[in-house]
Ligand code: GUN
């Protein structure tokens, strides 16, 4: 068998960003500059890295950006007041509150307070509900990136059996809904599923988001299947590993994403795409 194609998320992400940059140029002629506000509460080091990456993406693409770094002991009222201000601010089209928030702040209360049309994370219950019923909505970034990567393999999704491992609100559930929207037959697996390898082995498209390093080996994989690994696990030696045992799986799979360099680079790109879309909608251009 020939070696599996490696899906190059970094390159695909760059191609999409080039398209976004062109659209930003076009929009500027109509006096619109997409604006993203990021709210970060506290000192979580990983969150600070993610937020810097978002700031950089805005800068590279010509977006307006604001980053609000609040101390860890900020009250929920202070965070809600900032969200309210950003909801009303016309230079801001997208609002992202970096998660997790410190324990004394209710994430749900903060997410619910974000204006639906500025919710570029796609986490607001109205956007989630619109996704469920198939109405237009801002799509959550990582799931949207997963679908984009599958489409770019050239493998038809319609009519295929897709298995999603993991049922989180941020990845597993929305990915399953998006795959159904693309006319796949979708099976969900999770930590309590019995016979997971047998079920996964039926998948033409396997999406893995369980948060356990290298758990999915070749015994879970049908030869030729498309493998999308959403896992991001930090190993004791400091290296990053996916949920898929890449070395063994790539010997039998079809197109497969590496970690890093697969799904990861797509998430911020989809955030930028959502912010551009929100800017167009809020300016009456689309
Ligand atoms: N923290 C980790 N991933 C995410 C994400 O996609 N959005 C937000 N807001 N916070 C996160």
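Yeah, the Cβs are placed from backbone N, Cα and C, and that goes for glycine too.
Features as listed in TrEMBL:
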| type | residues | note |
| --- | --- | --- |
| DOMAIN | 7-121 | domain 'Tetrahydrofolate dehydrogenase/cyclohydrolase catalytic' |
| DOMAIN | 140-281 | domain 'Tetrahydrofolate dehydrogenase/cyclohydrolase NAD(P)-binding' |
| BINDING | 166, 167, 168 | NADP(+) binding site |
Neighbours of the NADP(+) site 166, 167, 168: Cβ within 8 Å of the Cβ centroid, same chain, sequence order.
164, 165, 169, 171, 172, 173, 188, 190, 209, 210
Taking the Cβ of residue 167 (NADP(+) binding site) as centre, how many other Cβ atoms lie within 10 Å?
18
Which residues does residue 166 (NADP(+) binding site) neighbour through Cβ under 8 Å, counting only same-chain ones at least six apart?
172, 189, 190, 208, 209, 210, 211, 230
Neighbour count (Cβ, 10 Å) for residue 168 (NADP(+) binding site):
15
Of the residues in the domain 'Tetrahydrofolate dehydrogenase/cyclohydrolase catalytic' (7-121), how many are helix, strand and coil by DSSP?
61 helix, 18 strand, 36 coil
Within the domain 'Tetrahydrofolate dehydrogenase/cyclohydrolase NAD(P)-binding' (140-281), how many residues are helix, strand or coil going by DSSP?
52 helix, 25 strand, 65 coil
Model confidence over the domain 'Tetrahydrofolate dehydrogenase/cyclohydrolase NAD(P)-binding' (140-281) (mean pLDDT, whole number):
97
